[in-house]
Amino acid sequence: MAHVIDFKEAGFDSVLDELEWRGLISQSTDRDRLAEALNGEPITYYCGFDPTAASLHIGNLVQLINMRHLQAAGHHPIALVGGATGLIGDPRQSGERTLNPKDVVAGWADRLKKQIGGILETEGSNPVRFVSNYDWTASMNVIDFLRDVGKNFRMGTMLAKDTVARRLNSEEGISFTEFSYQVLQGNDFLHLFDEYHCVLEIGGSDQWGNLTSGLDLIHKVRGVDVNVFTSPIITDAQGKKFGKSEGNAVWLDGTMLSPYKFYQFWFNRPDSEMENLLKAFTFLPKAEIERLIEESKTNPGAREAQRTLAWEVTSFVHGEEATRQAIEAAGALFGRGGDLADIDESTLEAAIDGMKVDGEFAKVAAGDRVAEAGMKAGLFKSISEARKTIKSGGVYLNNTRVEDEEQTLQEGDFLHGRFVLIRRGKKALGVVEQA
């Protein structure tokens, strides 16, 4: 895992100063009140994660990084996995959510808990505490909910929330189920305040209305002013949210998006994004980030910033060993170090996934000529072109130069008994699979 340092090691006077410099705070309650809370004795804070999919994604990663910064500063984290709210789903910008079966949501909740536990400290003097709002919500009957919780919410305030107002004015409208979500989330904050004296909730900027519901509820029924802050929503180059409901999710679960593809996602970010991404997604000291940003401007071809970003984020999420394998796989594919035989099957399969022809790998067998296999892989238009390129020394079989135009595939050429990599020159790579 990437090395996590506290705000002093990173070059800041306080954790709040660090979070603001990194661009990790979008909106907050009164800044002085928030600073007083974070700069004093350790407080308890929480962030909620609804199990609406089998994995968290990089939009959630921003919140986990915020939690880790606060944890490193000595504050006590609570990770709420929404066993109750996950059955409902918070209102989206457009369209009603599909309600998932209870057993599916419970299974997803277990997976999310495991993911979060792999990122936050779960042992030592300041471990993360896991809670599920199902534990205090499921037993509450409708009458008690309306009398004890619902009476503290005003319709005017609820209707004014951005997402609610937008949905009300849309063609789809909004159901009472999704409209009630903010009441459940507000009650969560109150419960955690009463149970653990939790005085800070964090979330994405699209959650501001839900966060302030709990803020207002605690002020009304307990007479205490607590704090909330949100982080900016991460978007792609087209300004679209990197979220699971948008169809371009970058999952944190290695079985849903391999560590290799996760690494490549970060490595392929453009120079224009380096400053924001290095600040938000790494724990590197301020001075080192500033050096990398300057380096990306003066020597962009070196891609040191991208390489550092990809290493830091991938090792933070997937661990150092999986990250090393991803790096070695990328180098080995094009003969730039590393041995193809050392790449495990799942990493290799992820690395070559984008090299399919018409959605699949061309099928070959031992005894087929390399020239024919190269043509099937889409590297050549004809057998004669393949032979000519072999003759000039420009064809490689699993990174070994092919010397004979009539060379055939051998059983030992198939990596993991399945794949053969054929390269034309330095950059054109094709893959065939054993039939």
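Cβ atoms here come from the backbone N, Cα and C positions, even for glycine.
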The annotated motif ''KMSKS' region' range in Swiss-Prot, which must be one of 111-115, 236-240, 241-245, 356-360: 241-245
Motif ''HIGH' region' per Swiss-Prot - which of 11-20, 51-60, 411-420: 51-60
DSSP three-state assignment for Gln185 (L-tyrosine binding site): helix
Secondary structure tally of the motif ''HIGH' region' (51-60) (DSSP, helix then strand then coil): 3 helix, 1 strand, 6 coil
Neighbouring C-beta atoms (10 Å sphere around the C-beta of Gln185 (L-tyrosine binding site)): 26
The domain 'S4 RNA-binding' (368-425), counted residue by residue under DSSP: helix, strand, coil: 19 helix, 14 strand, 25 coil
Cβ contacts of Tyr46 (L-tyrosine binding site) (under 8 Å, same chain, 6 or more positions away): Pro77, Ile78, Ala79, Leu80, Val131, Phe189, Leu192, Cys198, Leu200, Glu201, Ile202
